[in-house]
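If you check Swiss-Prot, you get these features:
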TRANSMEM  12-32  transmembrane segment
TRANSMEM  70-90  transmembrane segment
TRANSMEM  102-122  transmembrane segment
ACT_SITE  ASP123  active site
TRANSMEM  137-157  transmembrane segment
ACT_SITE  ASP141  active site
Amino acid sequence: MSQSICSTGLRWLWLVVVVLIIDLGSKYLILQNFALGDTVPLFPSLNLHYARNYGAAFSFLADSGGWQRWFFAGIAIGISVLLAVMMYRSKATQKLNNIAYALIIGGALGNLFDRLWHGFVVDMIDFYVGDWHFATFNLADTAICVGAALIVLEGFLPSKAKKQ
């Protein structure tokens, strides 16, 4: 028996599009208005800083000769497909999980676009305290982390709340 897309978690795919538009739009603005390494202070402890990441989180494997571009692209595609299948198999009313999956897919696809189009991921958010700087990241990374945090949060909810 087939089910309506609107009755499945795929109903939340609109959030993937929103994440992609915001992420790719922010990266476009950085690429059009910043030279590599440019920094603009926004608030105390927060800068816009144009950086290129040829690896993964914290520049993992950034200096590995180029193969990592395709490796991380494959991971992004695989995770996106897996989460889309999970959304299809879940009910649209399971909001927390589906929102989490959509955020992760949107972030993964945003960074995938960068890897395939530019050969690197555009990063621009520089959080710091004093002289200590956290790794520069982007809005796709933020969406992925928020999605992962929602999945962890869902694990702590009582069973009754999960069945909604």
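The backbone N, Cα and C atoms fix where each Cβ goes, and this holds for glycine too.
The Cβ neighbour count for ASP141 (active site), using a 10 Å radius over every protein chain in view, is 21. Same-chain residues lying 6+ beyond the ends of the transmembrane segment (70-90) with a Cβ under 8 Å from its Cβ atoms: 8-10, 12-13, 55-56, 61, 97-98, 101-102, 104-105, 108-109, 111-112, 115-116. Counting in whole angstrom, ASP123 (active site) lies 9 from ASP141 (active site) by their C-alpha atoms.
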